[in-house]
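Asker: So that we are looking at the same thing, I have put the structure below in structure tokens.
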Amino acid sequence: MVERKMSPVLKWALVLFALASVILNIALIVVHSGRTPRCSAQRVRPLLAKHDERSVVFADLSQEEYLQVQTYMLQQKGLEISTKQTTKPSENFLFLVDLFLPKKVDVLAFLDGKGPAPERQATVVVFHGSTGFIKEYVVGPLPNPTHHRDVTQEKYHMELPITKRLVTVGEYALMFEFFEREVFSKLKKVMQESFGVGPNRKLNAFEQMPRGVRSGDRQTWVSFFRDMSGMYIHPVGFEVLLNHQSLNASRWTVERLLYNGLYFDSVEELNQAYEEGRVDKIVYKESPDYGSLKPKPGLQQQVGPQQFSAEGKRFSVRNNHVVYLDWSFAFGLSALTGMRAFDVRFRGERIIYELSVQEAMSVYGSVTPGMIVTKFLDSSIGIGRFAHELVRGVDCPYDATYVDSVRYIDTPKPVRFRNSICVFEHNMGQPLRRHFADFFHHSYGGMANSALVFRTITAIGNYDYMWDFIFYQSGSVEAKVHATGYISSSYMVRGSLKHGHQVAENVLGNIHTHFINFKVDLDVSGVKNVFQTKDMEFVNVSLPWIPDHFAMIPQLVEKQLKTEQEAALRYDTKTPRYLHIASNATNSWGHQRSYRLQVFSFAGDHLPESQPEERSMSWARYKVAITKHKDQEQTSSSLYSQNDMWAPAVDFSRYIEDNENIENEDLVAWVTTGFLHIPHSEDIPNTVTVGNGGGVLLRPHNYFNQDPSIHSVDAVYLDPGAEESCENNRMACFAQETCGPVLEPFTYQGFDGVMKFGEWS
């Protein structure tokens, strides 16, 4: 056999290859060993509170329940209902299906294990164009409904004429067709020369509300804007008064027109004046895209600071129930009033039966008709209706828990809005409490202010409202709102600057108010509560050790209010600084257990009461109003207030007129907050949330024997010489325990839920 020797070159090549492999493996080991491990998706410690399946009593209707109710209503031959979005005003349209809340006494019996589950039912609103009235029905039981009843008179103590209805998508489609046929096509030269309207360019409409000046009116001033980003800040100086009171769209008429500050009685009159040169013509020119929110070119985008849960999320969302440390609550999202929480408990004890948004109202000032009498009542359009998908990492923290909602309002079928609610624990950026002992007993004790945030954001036309319910470890709950989005604007004419500031060429940002109403149904140690106020006054006191020397000393002043009218605290009067819903039960120190209502507001005047429209917003008279709980006094406003402000279906002031006793009764607080907005150049392109908001903080006051956060697992304590010990300070070991977050991929489908003005496929 001939022995074959390995080539020296090949031998050295193999040696070098083996050496390289070893070096590469060592490098990979070093790299991977230095990587931050992934945080566990599972929580490290068990939840302190437990989910309660009985929360389903407050759950919004499911997609299946909506469809069951719709099917049932369509089967009622005597009603002859349509579900098509293009249903004519003269026909019967199934406009709304929503949860019907059962009586509180029945719910409490069920929640407390003393009674059966209340029958699950739905509220149904039908616009009966054929008879000229609106009807509300209660349909049940769910699932598989078998009966319905008309509750209109029972609920509102009046008939609801069809003129009280809001404008449906179907009616909007008819309005757009009318403007194209009766206005734009007859003013082609004006449209083209003044506004650039042509085959590839149109105008967008934005309307004034209420629709007229007296009950029964349905005449709407419609302002027109350029079809570009942020259309609300691109007015063109053209407005039309449309009379659409008739249920037959062929009988609709143009009542007046406004062109560059001048009024005309007809399209023909404007055309003639334009041709004869009797108007100051608006000459179209391209407008800069100052309303765009797209990042400016050339900017290198960055990712800002992010929060994540190193030991898994300390809260859980199951169905419509949330548990977080010592807190638990049920939740819902009403298409009309928006976000609400029920059966709010701390350490198993119910504190709040209902915390809910009720209304968002704005009153505008202007010299032009499109906004001169505008007063928006958003629940009449639907606050929760416009809760679209939230953008991960912007609207809510990236790692938040997102929840879908389903609604049936002005659509032919229920619509699911993906990720329209978010829940997250958030470090609020400052300690909840802390003390550094410098003089004696040197030590440090503190606690990060981590709280749970329950949020939705509603984009109602031009404005976006961010709604937060915040649950603190101190036992406090905060309900607050921030406003952002686009301001409403008008085309500048003579006198415009009396009603705002110029914010762009020929553009006035119109002065307006924001008023928000919350319902706070506190149950403090049960449902038998009283309403108390506390404040201080200075009294002239003789000093005990110098009897002839006097000093002005603060002294506690306490008062218990006895009736609803006493407890209706108006904005135009001085209000005590401490407002309490209290129980006759006491803490260990003999003080009545209570929760304080601390209102943050810069609201001011809402509307003089001499104005006939004021009755539809009479809740805004009061910073806080306390009423005896009644199931028939469920809301402070209604679906029908916007389109008939002069004879509102719900006039909140009537809740107070009967002046019932409020001592040792089940009490409800109606809280109004808000602010004045004088638009300025920094509102272009968008109003920022900073400084534009308000809310109410519900704080324990002698409810506990001490601050409950002293039992929190987040507490930190340092002794001299033990600064690096992890025993009472997890932060000392945090650097060694650090892990990287496990993140969901970014997705967004929010545009699937936008309004559609045609027939659905």
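Heads up, the Cβ atoms here are built off N, Cα and C, so glycines get one too.
Automated prediction, rather than curation, is the source of TrEMBL annotations.
So TrEMBL says this about it:
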- ASP378: active site, proton acceptor (ACT_SITE)
- TYR463: active site, schiff-base intermediate with substrate (ACT_SITE)
- 73-132: domain 'Copper amine oxidase N2-terminal' (DOMAIN)
- 168-261: domain 'Copper amine oxidase N3-terminal' (DOMAIN)
- 306-710: domain 'Copper amine oxidase catalytic' (DOMAIN)
- TYR463: 2',4',5'-topaquinone (MOD_RES)
- 12-31: transmembrane segment (TRANSMEM)
Asker: Given a separation of at least six residues and a C-beta threshold under 8 Å, show me what packs close to the residue listed as 'active site, schiff-base intermediate with substrate' in the same chain.
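Answerer: Long-range Cβ contacts: SER362, ALA483, THR484, GLY485, TYR486, THR687.
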Asker: Relative to the Cβ position of ASP378 (active site, proton acceptor), how many further Cβ atoms are located within 10 Å?
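Answerer: Excluding its own Cβ, the number within 10 Å is 25.
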Asker: Taking every residue in the domain 'Copper amine oxidase catalytic' (306-710), what is their average pLDDT?
Answerer: 96
